[in-house]
Amino acid sequence: MESLTLQPIARVDGTINLPGSKSVSNRALLLAALAHGKTVLTNLLDSDDVRHMLNALAALGVSYTLSADRTRCEIIGNGGSLHAEGALELFLGNAGTAMRPLAAALCLGSNDIVLTGEPRMKERPIGHLVDALRLGRAKITYLEQENYPPLRLQGGFTGGNVDVDGSVSSQFLTALLMTAPLAPEDTVIRIKGDLVSKPYIDITLNLMKTFGVEIENQHYQQFVVKGGQSYQSPGTYLVEGDASSASYFLAAAAIKGGTVKVTGIGRNSMQGDIRFADVLEKMGATICWGDDYISCTRGELNAIDMDMNHIPDAAMTIATAALFAKGTTTLRNIYNWRVKETDRLFAMATELRKVGAEVEEGHDYIRITPPEKLNFAEIATYNDHRMAMCFSLVALSDTPVTILDPKCTAKTFPDYFEQLARISQAA
């Protein structure tokens, strides 16, 4: 297996222009495909997940052109739901941001489409979304294991009263929200359980509004969506920088700055993960907010005990930053780490122990006490981009770290390690 050894880093300083947000990129691509008119998306993320969405849209007959660097995309909207000529199978890798929204959108009208993906995708639950779509009369068949992809979709979704469990993934609600306006009838979506990752729902609602669709949000408990609507192209749309990707550079600055400035997001960003900067500030770093940047300057870091449900992806970065904080850090309410690219709670606990931390892994929490000195370790990344990026922070100590399968960052940030090296000074 390929590996990358990072030598100790004495200091980080500089500016990072963030790649586009994965969450925003894939939502914007799908809405542009469903919309009337031509949409130009700029600062689109070029990554595996986005390529899976683009390949799926092409297979569904959506016409688009990409710039050479794949960050500018012109899409000719379909002016309504997407249909395949005859039976079709779409392979979506391990891209939850493609699988979930497409599973819903392709239930409109009549289709015969199979959605499948990598082995890990077949372990990521989708039953709550399927149950909800079936309440709206969608015809969906599980082809292997009940409640998991691959799925056969045969259209039929008309709207109506739909319940969805919000406790595992907000992507199920996102998928329903994006599909419901194109259904023939009104849809009332009722949330069962506690809604996780609420800020990701705000991204969805924000984008739907940009594409001309309003819905009624009743305190995140119930959403009322008028049927028979259509999406309208906003013309040009700039994809925000990826706030989860920003977390690694901001944390690096908190630990070994200097000052690092990330551009492409700012105080008015729609992504909940910008709140990560508040957590660093609470730990002792200095944060400065601009309209299109966030900067972080080093501080003495102290441990925290916090509910991280609102920033599940960026919270992983706090788990490795905790290695550099004084005291024991506890991250709570993070059960949904277990249903991501890998079981992130198990993976994080396992790898933190390798570098010498004392770790308590709970059902939905993790408690981390750093060692006096970090051990050298080979870090397994579980084909999970965030594991690779999180553990790069270990190099901010006096100890090198080896990252196995470093190219797995291609899911959201193909040149992550080059960018980190650019702002780093060797010890």
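Backbone N, Cα and C define each Cβ position, glycine as well.
What Swiss-Prot lists as active site, proton acceptor is D313, and the listing cites sequence analysis. Residues or ranges marked as phosphoenolpyruvate binding site in Swiss-Prot (evidence: sequence analysis): K22, G96, R124, Q171, R344, R386, K411. As annotated by Swiss-Prot, 3-phosphoshikimate binding site applies to K22, S23, R27, S169, S170, Q171, S197, D313, N336, K340, with the evidence given as sequence analysis.
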At a 10 A cut-off on CB-CB distances, which of the binding-site residues R27, R124 has the highest count?
R27
I want the residues beyond K22, G96, R124, Q171, R344, R386, K411 whose C-beta is within 8 angstroms of the mean position of the phosphoenolpyruvate site's C-beta atoms, in chain order.
D49, N94, A95, T97, D313, K340, E341
Within 10 angstroms of Q171 (phosphoenolpyruvate binding site), Cα basis - recorded positions out of S197, D313, N336:
S197
Work out how many Å separate G96 (phosphoenolpyruvate binding site) and N336 (3-phosphoshikimate binding site) at their Cα atoms, rounded off.
13
Restricting to the record's phosphoenolpyruvate-binding residues (K22, G96, R124, Q171, R344, R386, K411), give me the longest CA-CA distance in Å as a whole number.
19
Consider the recorded positions R27, S170, S197, D313, N336 and say which one has the Cα lying nearest the Cα of R124 (phosphoenolpyruvate binding site).
N336
Could you tell me the C-alpha distance between K22 (phosphoenolpyruvate binding site) and S170 (3-phosphoshikimate binding site) in angstrom, no decimals?
15
